[in-house]
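What TrEMBL records for this protein:
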DOMAIN    4-316  domain 'Glycoside hydrolase 35 catalytic'
ACT_SITE  151  active site, proton donor
ACT_SITE  224  active site, nucleophile
DOMAIN    403-451  domain 'Beta-galactosidase 1-like first all-beta'
DOMAIN    477-536  domain 'Beta-galactosidase galactose-binding'
């Protein structure tokens, strides 16, 4: 039929996307209540494999990754849940949510039936599905649908692969409705037998939904009604369509009696090194995504009610609950950064470096049981036997800062792996080729992994607490420290780094993401739960 049913009763799915891993847990309830006040009855979330299994076989479901807690909270507030566990999610997320350690295999073929990839997916699902299996609607939980892969029709056409993902979910006890989602590029060949097709689009709702009706005799759902768009560094801020366009498209969806999911309803933040990137094939142009995932969505990055929220809400016909207030924001003034240390002076705080004859990408470093480095920076060091007149580096990803002298230091930043498109199998970072001086390849390298893990960051914090500048180096990448005194319970705020160039920031040891003067983002959202009454520490890494 043309109507979804749940427990033999018709249901119109009115959903919004919110990603638990992009919102501090203390604010999950606030965001969900604002979605409830809009008139939604369902929430949709992706699942980031790379965060849940940071190294092969080791799983993390704590804190911001407590997906079970998030789903149970949604149920408590009266929501159904649509779960999209990948293994690939796109989401403008680092490597589309897949763990970078997959790329330590030089022959890796992601999103395929390549056996090592299938083995990794099976291990991930073995670790993840038990976390949520009991939360399915048939078992009294809120999960009413689970997605198979994500927009696969825009990537490939391997039916065997899609059937493998479908069966991997079913064989582990997923019994709810299975769906795929694709845009107009992939809707015809991105599905799997026995799996409901859903559509992703931003406009022309009636024509898109008519295509969906011709493809299958089933209820229609817009899995991604794009409420806005994301930003890349160096671009203008995205406002792809007017509020009037979004509201008119929403009306068209409802006129077609289709269910819907706003993508996104609340975007949140790409904390840490988790932003993705895009690669424009025609121009061979790499575009990393900004830290903010505001998306011009109905709820802002900070969870505030927007004009778009209010205009769309007028279209909902239900008697709606009162809208919760926006969180209070506070301007805490300037922060004096009164101590610093050159990044090169922190190398003793790292694990033992790797010594190799030739440079390699970070994924090929023989560390972490052979799975390589995932995020952050990588430093390549070579001691010169004699002076050089020129230096040539082959294949830098993504940005390199060479320092010349008796020692050649090349610091390379991973600015975020591409999350969409055909080049996923080659998304390694660091130096991909060789390094030459005076027309000869340099051999004999000491390589340092600067992934800013907790142990390293804590050593830096302890060093800089003394309040003195720790290095005589100048004009080199450095780490700066300052303190913010808060006399009462903290409020949300924004950190602006006027006059700074490019780098990352930590608040009380939490990596809040990247900043870059080229914009369009000029401030970092600091949710109140990251702050505390009393002294707060700010670290800024400046490249």
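Yeah, the Cβs are placed from backbone N, Cα and C, and that goes for glycine too.
According to DSSP, the domain 'Beta-galactosidase 1-like first all-beta' (403-451) comprises 3 helix, 22 strand, 24 coil. Confidence annotation: the domain 'Beta-galactosidase 1-like first all-beta' (403-451) carries a mean pLDDT of 93 in the model. The Cβ of the residue listed as 'active site, proton donor' lies under 8 Å from the Cβ of 90, 181, 182, 183, 186, 190, 200, 420, each on the same chain and at least six residues away in sequence. Sequence-distant neighbours of residue 224 (active site, nucleophile): residues of the same chain at least 6 apart with a C-beta under 8 Å from its C-beta are 17, 181, 183, 199, 200, 201, 261, 263.
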